[in-house]
Amino acid sequence: MEKLNGDKSGDPRSAETASDAPRVRNLLLRSMCAVYLMAFVSFYCQAEGLYGDEGVLPASRILANGTLKERLSLLQLGPFLGVGAGHEAIDLLCLVGATVAFLGLVARGHCRLLGFIVMWSVYFSLVQISQSFRQQADHLLLEAGFLCILLAPARLTDGRHPMEDIALLLLKWLAFRFMFASGSVKLASGCPLWWALDGLKRHYETMPLPTSYSWYTYQLPDAFHRLCTLYVYLSELVCPWLFFAPSRAVRRFALGWQVFLHLNIIGCGNYGFLSPLVLTLLLTLLDDEDELVGWAHDRLSEEGPRRRPVARPVTRGRPHQQTDVPAPVETDRNGGRYVKAIAALMVVGSWVCFSIGVSNDGQLTLSPNFTRDQYLNVMQAMMRAGPLLVFVLMVRKFLKLLSAQDSVGSLADGMRQFSKNLGLLVSTIVAFTVFFMSIVPHSRLLPSTAISSPVMTRAYGGLHSLYVVNQYGRHLTKMRPMRREIILEYGDDVNGTWHEYGFQYKPWTLERSASLPYGWLHFPRFDFKFYDGAGSKSDAQKWMYPLIQRLLEQRRPVLELLDGRHVPAAAPRYIRTSLYRFAYTGSFTEGGFWTRERLSDYFNVFSLDDAHLQEKLKQMHFPASAPAGQQGGSWNWLLRWLLDAIRRFVGAIEGSYLLIGLFVAAGTLIYTQQQQQQRVGQST
């Protein structure tokens with residue numbers, strides 16, 4: 001007799017798949033594929049100008065004379081494929097990674113272990129050659145991607161596997177570490193702006209790549225900014241502890257709180273895939289029975305939305321048949337009370353800790369009611385409590401995993417169980433090793449809590465060299481007193497008129513239409529790096545020397561990183577770099593978003609034969625000029641022609657629009673698959 005749920009195979013695993021599908025796991029893996037797609041496409045759009053043979057920091061240079069760590073790259077396979085180790089090999093890796101990520105996004109069947117191993121290996125190889133343009137978003141993606149290898153299923157199945165709960169807990173712990181590190185260092189640094197609750201307003205003006213949304217937010221009253229700064233402290237220091245709450249309502253409260261925070265971060269700054277990645281990690285706050293997870297799972301499923309069956313209780317007569325009534329969700333009876341109590345505690349605690357009041361002129365005032373030493377003492381306790389809490393939860397899940405092992409009834413069953421347990425043992429060792437090593441960077445947020453054990457630090461260094469475990473929270477420790485920007489200028493006379501190179505994403509001009517662009521999900525590494533350069537001494541930014549050389553040589557790949565409307569038609573004779581101070585205009589000021597003032601030279605005037613420039617390039621082991629022609633090993637003319645054709649086609653599309661187009665295409669494919677499955681189901 002046919003099963004009432006439509007399964008004619010009689011396979012009990014089908015019923016298990018239908019009623020016990022790991023929806024959170026599937027949703028998280030699909031979301032990770034979307035984040036990988038953003039990362040690969042963004043890298044691809046800038047790869048030739050940054051790492052090609054004519055780029056700013058050619059990958060072939062460090063592959064030839066770099067450290068052992070930098071040599072661990074799939075780019076070494078380029079000569080065997082006939083494309084060398086230049087930008088064509090980088091293009092090939094980016095396209096392979098983007099293809100696997102796109103397939104995983106549009107079809108659940110491609111979210112497998114092999115796909116995540118490929119994506120992690122390819123992206124690790126790309127990060128290895130990113131050199132000065134490496135950012136913390138890369139570290140977070142590689143760490144999260146490695147944990148997804150523990151989470152992803154090995155076969156085309158929705159069935160659960162024993163490591164799922166532990167892997168999800170490690171991903172939740174990663175989200176906790178990132179958020180808590182971002183918040184704890186602000187007040188721990190002693191920055192007066194953060195202690196006066198004025199740091200967020202200054203951040204709107206001095207963030208790496210601000211948008212027009214940040215300008216409009218900057219114009220709001222100071223009291224609003226201080227309340228927002230308090231909201232950030234609660235988001236990063238208090239809310240992450242709710243990630244581990246047993247109550248579903250409390251976790252959903254924490255999720256909504258964090259979603260609101262990161263949507264504002266996406267609107268304010270061009271951080272690329274960083275906030276989408278954090279939001280993906282926050283999916284671990286949900287469970288499979290959550291209505292939101294069920295809704296998202298149905299929208300991404302190839303079969304489309306469907307009403308899930310529910311089993312009726314068995315009576316003495318005959319069992320009730322399954323009906324298409326939606327399965328009741330177990331209610332969290334006290335969840336609403338917990339949320340109200342937590343919200344009340346947040347309000348009262350903020351009132352007490354920050355002395356919220358009203359001044360004589362009716363303005364809202366906030367000031368910390370505690371000293372820096374008191375804050376550091378509390379942080380020490382919290383940093384020790386976090387790993388202890390997660391360790392207890394991991395041991396609990398591990399014991400539950402052991403108790404769920406099947407009994408052995410025959411020799412064949414014993415062999416299968418041994419093979420299964422062997423893989424489980426390896427995965428468990430890896431999971432606990434990653435957890436214990438993650439305690440090392442977490443403890444370094446404060447000098448008083450740092451782990452000094454040479455065994456732990458040496459083991460952490462080994463995993464960190466693979467970016468499996470990383471340290472976060474180094475950004476925004478101390479706010480910059482003002483915004484400085486590096487402006488590139490060119491001219492044909494050392495004493496003559498200077499013209500400015502235009503940038504695509506970073507502030508450089510007073511024109512309203514070009515000074516605060518949106519990059520959306522695209523991560524512009526080149527423009528982002530100028531933020532680091534403007535906040536440090538010129539000698540610390542060695543990548544500027546090859547950049548100046550490439551501009552003096554009028555290299556096309558590097559010029560494509562800039563605004564094509566503001567580059568010279570021919571190679572200039574001289575280039576200089578100027579340091580400007582930028583400041584937001586007022587809300588009632590006519591004109592653009594910025595005012596600017598030239599402060600000083602950042603670099604001296606350089607020409608192509610300048611002795612100082614050539615000496616710096618020699619110290620970097622940088623070639624005097626870009627190599628002509630193809631490198632040795634580039635014999636596969638067909639593959640090179642195909643890669644070049646793809647780059648010429650894609651190069652005409654701006655990175656953010658390219659990503660939007662890919663996601664629209666993915667959504668269209670998912671919708672088309674759903675419609676086809678529904679038509680097939682109706683016809684049968």
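In case you wondered, yes, glycine gets a Cβ from its N, Cα and C as well.
Sequence annotations record features per position, and here TrEMBL assigns transmembrane segment to 27-44, 89-106, 113-133, 178-197, 223-244, 338-358, 378-395, 422-443, 649-671. The annotation domain 'Lipase maturation factor 1/2 N-terminal' is assigned in TrEMBL to 135-289. The region 'Disordered' feature in TrEMBL is assigned to 304-329. Here TrEMBL flags 307-319 as compositional bias 'Basic residues'. Residues annotated as domain 'Lipase maturation factor 1/2 C-terminal' in TrEMBL: 468-603.
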Mean predicted confidence [pLDDT] for the domain 'Lipase maturation factor 1/2 C-terminal' (468-603): 90
For the transmembrane segment (649-671), sequence-distant contacts whose Cβ falls under 8 Å of one of its Cβ atoms, 6 or more beyond its ends: 34, 37-38, 41-42, 44-46, 102, 105-106, 299-300, 302, 504, 518-522, 524, 560
CB contact flag for the transmembrane segment (27-44) and the transmembrane segment (113-133), at least three pairs under 8 A: yes
Contact between the transmembrane segment (178-197) and the transmembrane segment (223-244) (at least 3 Cβ pairs under 8 Å, separation 6+): yes
DSSP helix/strand/coil residue counts for the domain 'Lipase maturation factor 1/2 C-terminal' (468-603): 33 helix, 34 strand, 69 coil
Top Cβ-contact partner of the transmembrane segment (378-395) among 89-106, 113-133, 338-358, 422-443 (pairs under 8 Å): 422-443
